[in-house]
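Let me begin by presenting the structure, written as structure tokens, before commenting on it.
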């Protein structure tokens, strides 16, 4: 059968479902009927959501929605980095950094790209200076302008709205899903049906023909998009596509989460996500106006649910008997194929890795971008589906390996969880990257150090998502450094001297921003009209 796709059925709501409805509705320009079928009693997961910088350019700009508009509707705040706390020192779970070598046990994974000097990234000069005893300053504070403004809870935008650094967002996933529901149904003509799928009918070729709901209604379509979450209602249950478990790389499989009130006037609003190391995993903290979302991601092999709840609540001084808690079990891995026949899985029905680097929302719109790029007709050309599947496989596996490196290279060995992470095997590609890093080479160095060009070109960023800046922030932050400085620097005496001016310029920029930027709380009150 040939001819264009006329009908699309999205099964599942939540953030993934409504992002899919909005993105496809915009991309297809009214040439296909889109229906979103959502069970009325399925809760939306997520207690606070953190993102990455290309969300605006790759998703909201594509929809034509200004940043300030959706931010106000979704109680959104800004995120300039991830702050990793206590990933190097042994002890109880606490949001306060312990002492490490005379300073705090924390490091920032900031957005942005490392600057280059004489075609060598600044990271390599920093390590050369550190190796020769010329500096004891941590990598993040030496090479990036952001850490000092993060310490002071400054805004990444001035009160006139101008942007001074790269940033992402924190928001309430429920509010984003609701905002996109209104946008998709009111502006793009997406049909919204609340009903539960009871049966999936496949045709003689193995494709999905229709779904029947609990009320007896039948919905047929040319293309089915599975946004049903961890259930994988269409892709796994109906299409019987196997889910590839990745617990041999990542141990965490559970979470307990909640929201906590916060006194912004007294304490300010933090412009970063916190990732706090715990006995059997780690805890996120996602600040928003008046509260923060938080959750303990842990391994059920090393902590029972009761033990995790107790450790989590003790850290935030919460009563586990009265505090509303969201208890989550999740599968870590990806489908063997994200797209099978006329069924495409998007979001957690396709793949999932713990949110240590805030990739959940990114996985959704990256998959939507690839779906539109490889959009089929009714013949379902296997070349398109195979290419799409390779892109999703690479995206996930690359992120899985980067996340694993956080645990594998943490020097913590004080609990069975941290020791067990050292016994896992790194993927061959990841081991190659580490070997390059230790030999003084850059990993996935972008073609340019211009962050605006990098974040403004989704295709370029997708191909080079975890680059040298990311690896250096995390590996150096964990205390893993190259075996010796880059051999090239021994032949560049003028560059190794003149780079002092570059590091000095970073310090000047830090001082200027610290003196001139408003607090994030002040900026958000102006933006949100509070």
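The count begins at 1 with the first shown residue.
Backbone N, Cα and C define each Cβ position, glycine as well.
Record check: Swiss-Prot places 454, 455, 461, 465 at the L-tryptophan site, and the matching candidate among 314, 321, 354, 357 is 357.
Of the listed candidates (65, 208, 361), Swiss-Prot assigns 361 to the same FAD site as 13, 15, 16, 39, 41, 49, 50, 197, 348. With respect to Cβ neighbours within 10 Å, the binding-site residues 16, 50 differ, and 50 shows the lowest count. The shortest Cα-Cα distance between residue 454 (L-tryptophan binding site) and any of the binding-site residues 13, 16, 41, 50, 348 is the one to 50. For residue 455 (L-tryptophan binding site), the same-chain residues lying six or more positions away in sequence with a CB closer than 8 A to its CB are 53, 54, 57, 166, 461. Cβ environment of residue 357 (L-tryptophan binding site): 82, 109, 399, 402, 403 lie under 8 Å away, each six or more residues apart in the same chain. Among the listed binding-site residues, namely 13, 360, the Cβ with the most fellow Cβ atoms inside 10 Å is that of 13.
Look at residue 348 (FAD binding site): DSSP puts it in a helix. Of 79, 359, 360, 465, all annotated as recorded positions, the residue with the shortest Cα distance to residue 348 (FAD binding site) is 360. Between the alpha carbons (Cα) of residue 465 (L-tryptophan binding site) and residue 79 (active site) lies a span of roughly 18 Å.
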